[in-house]
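Peer 1: Pasting the relevant annotations from TrEMBL:
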- 1-18: signal peptide (SIGNAL)
- 27-149: domain 'FZ' (DOMAIN)
- CYS111-CYS135: disulfide bond (DISULFID)
- 175-491: domain 'Peptidase M14' (DOMAIN)
- GLU461: active site, proton donor/acceptor (ACT_SITE)
Amino acid sequence: MVLRILLLLSGLFRATELAPRCEPGQETLAKCVDISLSSCTDVAYTQTMYPNLLDQKSRQVIEYSSEYILISVLHNLLQGECNPDLRLLGCSVLAPQCEKDKVIKPCRHICEHLKKNCLPAFDAIDMAWPYFLDCDRFFAGEEEGCFDPLAKLRGEPEVEEDLPSDLPATFIQFKHHSYSQMVSILKKTASRCSHIATTYSIGRSFEGKDLFVIEFSTKPGRHELLKPEFKYIGNMHGNEVVGKELLIYLAQYLCSEYLLGNPRVQSLINNTRIHLLPSLNPDGYELAAEEGAGYNGWVIGRQTAQNLDLNRNFPDLTSEVYRRAGIRGARLDHIPIPQSYWWGKVAPETKAVMKWLRSIPFVLSASLHGGELVVTYPYDYSKHPLEEKMFSPTPDEKMFKILAKAYADAHPVISDRSEIRCGGSFVRRGGIINGAEWYSFTGGMADFNYLHTNCFEITVEVGCEKFPLEEELFTIWHENRDSLLNYMEMVHRGIKGIVSDKFGNPIKNARISVRGIQHDVTTAADGDYWRLLPPGTYIISAQAVGYSRVMKRVILPAKMKRAGRVDFVLRPVEVWPNKLLRRPMEDAYDPYDPLELFDPHAQHAQPESQGGSAQVREKPWWWSYFSSLDLHKPLWLLKKH
């Protein structure tokens with residue numbers, strides 16, 4: 001890629017020679033011509049006109065311009081964030097739509113919306129917003145007649161089936177949904193239950209599809225004090241589609257049943273903030289859908305458009321835990337992402353999830369897969385790397401088994417001890433198994449949730465077939481419905497509370513420790529925390545930098561169905577004893593964190609050389625992309641500090 005770009009840049013000085021020239025007094029009438037710019041061949045229209053909106057008079061002049069080179073390399077500079085949106089927006093200016101020998105400007109509101117969402121990504125790499133994407137200068141209002149340059153990303157509108165008008169409010173259509181159908185249903189459901197639901201996107205897939213989430217809560221769109229956060233993720237592997245459909249059905253069910261006054265659903269939504277992400281891999285799903293329902297292949301569509309397996313693409317923190325296990329005082333939770341991870345290929349879908357995990361204090365989660373009927377729990381990577389099937393428990397083994405059984409026991413087929421199902425039998429184990437004992441792999445999402453955040457995540461294999469026929473979906477929904485509800489209710493087990501100082505001010509990032517369980521959780525921005533625990537008697541302590549430790553004895557009865565309230569008030573100390581916090585491993589990693597630079601995806605800029613900083617460098621790291629432009633270098637991309 002870099003070589004191709006340098007070859008392209010090397011010919012820039014000839015741009016003026018390549019441009020067609022008119023003799024004095026000679027005029028030509030501009031006409032629509034076919035688009036032949038290689039970076040703009042996938043726009044939603046076929047013809048443009050020269051000169052363009054920047055008064056660039058030919059294809060050759062455009063191709064050797066800094067503006068065109070920028071849109072060609074933006075995907076690399078921003079690590080996939082806001083692309084292909086930004087590239088298509090740039091193409092709408094460099095190669096605007098032409099109809100009947102007349103140029104049509106792109107719509108201003110599209111530019112403004114994209115700038116609002118993507119400006120943080122430019123800020124993260126110290127780059128100014130490109131002048132040619134000035135929304136007032138080069139774009140038009142809808143009343144002037146404009147076109148939407150991003151229309152193609154939304155897909156072709158699909159004709160929905162005409163359904164009878166007298167259908168009950170609880171009606172769910174049990175069918176496979178395309179990406180656009182899925183988005184439409186989620187938005188309609190959120191609109192129907194607007195007082196308890198909303199939709200949002202955590203980022204984009206590699207091919208530019210929004211990773212849509214529907215949220216249910218009494219105050220959708222915001223975290224509420226002491227209300228736990230729960231998430232379901234489906235379709236991580238594009239060809240495993242049952243989880244996607246189950247979450248689409250679940251969204252409709254929660255909305256309908258809440259409106260009908262179902263006490264179980266109302267209690268769940270009134271006391272929990274629920275996030276449903278039906279499809280984490282919409283690009284892979286499209287490939288699988290081309291094969292059609294009933295095709296049960298194990299390869300086509302499993303991976304992303306970048307040919308990455310998302311459940312092998314997360315940082316391998318489990319190996320780091322095993323390395324630290326023999327070190328006295330080493331922390332085995334909230335492990336930072338090693339810098340070496342960013343040297344590999346990281347999918348935008350993976351970055352979106354990691355950023356999502358940091359933005360919301362999730363407590364409990366499940367990822368829905370297909371191809372088996374079993375519930376697995378961490379660790380997924382064997383504590384002995386040469387052992388492919390080795391029991392490898394976390395410090396929270398007892399709690400994870402309870403969580404896994406909460407789903408399995410409510411599932412009539414998984415819990416049926418008389419059946420041998422799919423490729424393996426888990427009857428003797430009660431339908432659950434430690435992930436590494438089933439088969440070991442690194443880079444899994446469940447291990448990352450547990451080791452990098454407060455969130456406990458299990459993996460549910462919801463069916464023998466990865467892409468079943470539509471007539472099977474109704475039965476599959478009814479087999480899983482109670483399990484889905486039962487598991488969500490488990491987020492209320494254990495203890496919860498607020499950590500504050502003596503004046504009542506919340507303390508963020510205080511550590512909640514349980515004696516005998518070497519895995520701490522931390523408080524959220526408002527000082528609230530949740531600690532999943534099985535019934536029993538515990539010594540719980542809270543500690544934070546600059547404050548003394550406070551300990552309490554807590555008893556959780558076996559029949560307790562709600563989290564017990566345990567608050568802590570910490571008093572400041574003049575000298576903080578470092579021995580109280582297990583932190584000796586923190587300095588093993590560069591404090592530079594690429595994930596913090598992405599919004600909504602992580603941005604991996606180049607690390608600063610020792611002794612240098614962004615403030616003293618003459619040019620940012622990305623300036624080398626334009627090093628061959630001589631007098632035509634894009635100075636307009638440099639920020640004025």
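For all residues, glycine too, the Cβ spot is worked out from N, Cα and C.
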Peer 1: Using C-alpha atoms only, work out the spacing between CYS111 (disulfide bond) and GLU461 (active site, proton donor/acceptor) and round it to an integer in Å.
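Peer 2: Cα-Cα distance, CYS111 (disulfide bond) to GLU461 (active site, proton donor/acceptor): 42 Å.
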Peer 1: Just to confirm my parser: what is the rounded mean pLDDT across the domain 'Peptidase M14' (175-491)?
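Peer 2: Across the residues of the domain 'Peptidase M14' (175-491) the model's pLDDT averages 93 on the 0 to 100 scale.
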Peer 1: For GLU461 (active site, proton donor/acceptor), write down the residues of its own chain that are at least 6 apart in sequence and whose Cβ falls under 8 Å from its Cβ; none is a fine answer.
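Peer 2: Sequence-distant Cβ neighbours: HIS369, GLY370, GLY371, GLU372, LEU373, VAL374, VAL375, THR376.
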Peer 1: Using DSSP, what is the helix/strand/coil residue split across the domain 'FZ' (27-149)?
Peer 2: 53 helix, 15 strand, 55 coil
Peer 1: For CYS135 (disulfide bond), write down the residues of its own chain that are at least 6 apart in sequence and whose Cβ falls under 8 Å from its Cβ; none is a fine answer.
Peer 2: ARG108, CYS111, GLU112, LYS115
Peer 1: How many other Cβ atoms sit within 10 Å of the Cβ of CYS111 (disulfide bond)?
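Peer 2: Looking across every protein chain shown, the total is 24.
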